[in-house]
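The site 'Important for tRNA non-discrimination' feature in Swiss-Prot is assigned to 31, 76. What Swiss-Prot records for 168, 214, 446, 487 is L-aspartate binding site, and it gives sequence analysis as the kind of evidence. The region 'Aspartate' annotation in Swiss-Prot covers 192-195. As annotated by Swiss-Prot, ATP binding site applies to 214, 215, 216, 223, 480, 532, 533, 534, 535. The compositional bias 'Basic and acidic residues' annotation in Swiss-Prot covers 577-587. Look at Swiss-Prot and you will find 588-604 tagged as compositional bias 'Low complexity'.
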């Protein structure tokens, strides 16, 4: 052993013990012939006292090994900020294991550094306690989840990383196959179809901490490769899966955040979430809610509202407490805020703090009757501001108000940052239009293997826009941290879904033939959930980005500053991999039987 003790483990009870420590020089202080060194390893920091002649060569981040006696610090010199603050090690021997060049990044929790430099020298960044503790927390989260699942007789099973591409879901990352030029593997977007095959195979309780890959456009706080806790169960109902999800999440929050989640976690239907919060992942830490005014404002002459109502659309409002105190510049700034989200603007009325009189551009266009009852209709008080959205499409207007609700909470300091608010969003739509046109076809909101609920299973073709699915998402503080569904296991129902989606038998066979073949042989009823592991760990760590809980994350643009990936390949590599090769006609003819399609992802 290079060392006998961890630096962070030393306590007053170790006084008089001779120890050997190994780690990095976090800090050195010279005191007239004596040098004090803060020695850091993975467990913490211990103070080491060395003679100047022994330690004059030491610099920050040198990797060293010391042997010495643990002694109590002189009275008054204790450091209550450190777990080891009552003791120090008087060194008898010092060995420099390796030297450190001048540092491009300060290894100091008190000094902020830019994201680019932190990612470029991530290995130095991880020596800081904040980033290191985030990864330790993630490791503990993995252990806790595994414990919960093993207590319930789940099997941890790995599924393929190299699979077959399919146009379903997001774009795939593709891998050329050297031994079969012109053919490609795809990296999985999730283990979705493989875990369903495991259910057919009798592996009734499956889980996996799964690596997933999606070639998406650049989006804030997304990574091209990510992790989900993937779960599938046979012979279960929606309630069974939700109960398991709650067991995992409540154990995680109790042990890692010290928070006891009240169970059962509240459930809200998808349509109620959109109507009340303008979002299918509502933040319930504050109580501001949307109000629909379509019926209240029916008959108005204000063209913006009247046009939406006549088109069978939606008019709604959200209240900003104390919003009337905003300056004209601040109120006008809301228009820029709305336009940045693709809207034409955000109409508003402010209520005078003294009289409650409605003022503002919209107030001039509403009748006296509508103005008189407006405050009561939306639950506003004198001094508040009321923001409106209207449109022929209800969802777009609701989502604009939902985004305004979040921004109102931020600007008005309504969010208790120490609070935790969870909910399940259930009864999601089964289908949505491919385009805004009424003639447009249908697509599955989740994926084409999601089961319609009992009310709709025999008649979803009658009104696809109103059909509901056995689908459920779990939300924490406005973040979707997991989602899943009960799957279709009946061949006749699956065929009807394919028919509605415009997937021909040939296309279904080409994309999912192996799954449909498996479903001929007695598939059990089954369902599952995928928990977004990066986001869950981010919340538990109190981090602002999922990058903080990933060992070697990429930038928003998918670039890795540490390795400079992605990089071009050489002409020789390109030739060897067969990147430019064309598949032989026989291979194209056999595409429908070439093997498993790339999985379609649970939303996370």
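Yeah, the Cβs are placed from backbone N, Cα and C, and that goes for glycine too.
The average pLDDT computed for the region 'Aspartate' (192-195) is 94.
All protein chains shown were included, and the count of other CB atoms within 10 Å of the CB of residue 535 (ATP binding site) stands at 22. When Cβ neighbours within 10 Å are tallied across all protein chains shown, the highest count among the binding-site residues 216, 480 belongs to 480.
Cα-Cα distance from residue 31 (site 'Important for tRNA non-discrimination') to residue 480 (ATP binding site): 54 Å (rounded to the nearest whole number).
Long-range neighbours of residue 487 (L-aspartate binding site) (same chain, six or more residues apart, CB within less than 8 Å of its CB): 196, 449, 450, 451, 526, 527, 528. Residue 480 (ATP binding site) falls within a strand when secondary structure is assigned with DSSP. Secondary structure at residue 533 (ATP binding site), taken from DSSP and collapsed to helix, strand or coil, is helix. In this structure the C-alpha atoms belonging to residue 480 (ATP binding site) and residue 214 (L-aspartate binding site) are separated by 18 Å. Around the Cβ of residue 76 (site 'Important for tRNA non-discrimination'), a 10 Å sphere holds 5 further Cβ atoms from the protein chains shown. On a Cα basis, residue 446 (L-aspartate binding site) lies 63 Å away from residue 76 (site 'Important for tRNA non-discrimination'). Across the residues annotated as binding ATP (214, 215, 216, 223, 480, 532, 533, 534, 535), the widest Cα-Cα separation comes to 20 Å. Using DSSP to sort the residues of the region 'Aspartate' (192-195) gives these counts of helix, strand and coil: 4 helix, 0 strand, 0 coil. By the criterion of other Cβ atoms within 10 Å of the residue's own Cβ, the least surrounded of the recorded positions 31, 214, 446 is 31.
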